[in-house]
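A.B. asks: Mind having a look at this structure? Questions to follow.
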Amino acid sequence: MTKITFVSFDGTTRTEVDAENGSTVMENAIRNAIPGIDAECGGACACATCHVYVDEEWTQEVGEPEPMEEDMLDFAYDVRPTSRLSCQIKVRDEMDGLVVHIPERQS
Amino acid sequence: MSEIIRTDVVIVGAGPVGLFAVFELGLYDLKCHLIDILDRPGGQCAELYPEKPIYDIPAWPEISGQALVDRLMEQIKPFSPQFHLNRMVTKLERQADGSFRVETDEGEIFETKVVVIAAGGGSFQPKRPPVPGIEAYEGTSVFYSVRRMEAFRDQDVMIVGGGDSALDWALNLQPIAKSLTLVHRRAEFRAAPDSVKKMFELVDSGGIRFELGQVTGLKGENGQIAAVKIKDSDGEKELPATRMLPFFGLTMKLGPVADWGLNLHENLIAVDTEKFETSEPGIFAIGDINWYPGKLKLILSGFHEAALMTQAAKRIVSPGERVVFQYTTSSTSLQKKLGVQ
Ligand SMILES: Cc1cc2nc3c(=O)[nH]c(=O)nc-3n(C[C@H](O)[C@H](O)[C@H](O)COP(=O)(O)OP(=O)(O)OC[C@H]3O[C@@H](n4cnc5c(N)ncnc54)[C@H](O)[C@@H]3O)c2cc1C
Ligand code: FES
């Protein structure tokens, strides 16, 4: 099991969850009812409502978005260099301890 | 006012389920008109995931959203359905003789014996960008589409977005606007390469100002914007603008369907599972828009609903006529209709 921590926008709530390898970060957010992840399209990279900021410490490991995800990020709010769509991040062993931050709002 | 269009069936929504309904209804000689707010048929499959593969269409181990729509269009061709695109169905009323009157926002009027609502997740409408306070300016100085170009003449126009709508309108409005600023969060665009090239040429010649950044706020009063706050890598700045056109994609909203007096179940239209008829006899609802115990929002479920709905629709359009069940494989009369005999 790989541990992922979701941090609320104001930084006050940190929720650590156990994630299965191969699942997506979005799926783990939904399964654990993390507030602020809507995922309206169910993970098809078609809605940009699963937007997260990957913690600076982890951007290298998680990597860059694919072109399709980059296009979809145009529809998200307050996109930053660390922005990713969480449905496009697949959990791997190397991500144990991953920290992602929830944005102020989803579009 | 345009002439009244008379038909057997009006289908609200040209998504995959509305399209397949044309086929099932066509086998029983029912003529269909389809109305959709989008500029092309295909609903969610064409608008949200044209290139993504679908794996659960029977007998198609893998087919993309757009390919499914193209196949459906080919399949229903023998029945010559009439499409009315870029139109929202706004009104649906029963008339004294029991038939229905359907109206669109473009002023068309249909008189029809049966209405099939295949409105999916609702009508596609422009997404409101999550900019605080934007509602106060909508319809006065912030617009999500261009209905009249004149409204932008001699204005300081700001267009936000990086897709085809943003680029097309930047190019079209540039000649008549006082100034035109295009704001996008990155230098890559999702638009036709030709438009991108034209846009950058205008940027070089001073006709268009391109700003890399994201909109964070608006300034103005009484519905009239004066300036737009843009955040970029150096911080925040304000740019003057008197008209703004944000293009942030489309989202589905139930829309007028909610006002037609039908029984709803959590924003979906309640139907029976024999005929998929709504609380109003003669109005059917199929596909993602309907609800019944056990409902699954799957394309294949919508296809099944279309077939069963057709049996009931035929009885309404041709009362007293015997409805004969036949197979397309063996019925010569069905094959004639399909043009294969
Ligand atoms: C990313 C994604 C992946 C999916 N993957 C699958 C899959 O693998 N398998 C599967 O079976 N399903 C899948 N689905 C679901 C599938 O797309 C829907 O079940 C299907 O599109 C429903 O078809 P429909 O015709 O009922 O409605 P829609 O496709 O939603 O079409 C309805 C149409 O009606 C129009 N409309 C609504 N109201 C009005 C009005 N008042 N006036 C004018 N027009 C109106 C809308 O503009 C729209 O074009 C997926 C959906 C998404 C978003
Ligand atoms: S869930 Fe829709 S883009 Fe991720």
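A Cβ is built for glycine as well, from the same backbone N, Cα and C atoms used for every other residue.
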A.B. asks: Looking at TrEMBL, which one out of B:Val89, B:Val157, B:Val160 binds FAD in the same site as B:Asp36, B:Gln44, B:Tyr49, B:Phe124, B:Asp288, B:Thr329?
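C.D. replies: It is B:Val89, as the record lists it for that site.
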A.B. asks: Short of 8 angstroms on C-beta distance to chain A, which of the listed binding-site residues (B:Asp36, B:Tyr49, B:Phe124, B:Thr329) are there?
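C.D. replies: From B:Asp36, B:Tyr49, B:Phe124, B:Thr329, flagged as close to A: B:Tyr49.
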A.B. asks: As a test of the contact definition, list every same-chain residue at least 6 positions from B:Phe124 (FAD binding site) whose Cβ is closer than 8 Å to its Cβ.
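C.D. replies: When sequence neighbours closer than 6 are ignored, B:Phe124 (FAD binding site) has B:Ile37, B:Leu38, B:Glu47, B:Leu250, B:Thr251, B:Met252 within Cβ distance under 8 Å.
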A.B. asks: Find, among the binding-site residues listed as B:Gln44, B:Thr329, the one whose Cβ has the highest number of other Cβ atoms within 10 Å in the structure shown.
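C.D. replies: That would be B:Gln44, with the highest Cβ count within 10 Å.
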